[in-house]
Amino acid sequence: MQDTIFLKGMRFYGYHGALSAENEIGQIFKVDVTLKVDLSEAGRTDNVIDTVHYGEVFEEVKSIMEGKAVNLLEHLAERIANRINSQYNRVMETKVRITKENPPIPGHYDGVGIEIVRENK
């Protein structure tokens, strides 16, 4: 099954990071979420109850990203995937990618970050 729902390029300001500068100044985090979901029923019925409401998913991600500061992106991504998988039975798999576009480390790059994939069991 190849059906997906995606939320791409969500941006949130937060104070996450292992470096003290990140905790003091904060930064913008870019989050992409991809959900593996069977969309065939929603395609037939044209009813939002037969799919996953991405507005609700956005609010779940926002509450975590703009919530209590943590050290690791890995921890944020795990919390997001767990929240989505526990709230939405239709989701078979959740992929979360979090990017720091301007972390306080030397170098030239478009961003640094992590990506995880978690099956909904």
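Glycine too: its Cβ is placed from the backbone N, Cα and C atoms.
Swiss-Prot has this to say about the protein:
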BINDING   Glu22, Tyr54, Leu73, Glu74  substrate binding site
ACT_SITE  Lys100  active site, proton donor/acceptor
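Location within the structure of each feature annotated in Swiss-Prot.
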residue	record	DSSP class
Glu22	substrate binding site	helix
Tyr54	substrate binding site	helix
Leu73	substrate binding site	helix
Lys100	active site, proton donor/acceptor	strand
Quiz item: Cα-Cα separation of Glu74 (substrate binding site) and the residue listed as 'active site, proton donor/acceptor', in Å?
Solution: 12
Quiz item: What is the number of other Cβ atoms found within 10 Å of the Cβ of Tyr54 (substrate binding site)?
Solution: 13
Practice problem: Could you check the binding-site residues Glu22, Glu74 and say which one's CB has the fewest neighbouring CB atoms inside 10 Å? | Solution: Glu74
Quiz item: Taking just the CA atoms, what is the gap between Leu73 (substrate binding site) and Lys100 (active site, proton donor/acceptor) in Å?
Solution: 9
Quiz prompt | Spatial separation of Glu22 (substrate binding site) from the residue listed as 'active site, proton donor/acceptor' - C-alpha basis, Å | solution = 11
Exercise. Taking the Cβ of Lys100 (active site, proton donor/acceptor) as the centre, count every other Cβ atom within 10 Å, in any protein chain shown.
Key: 21
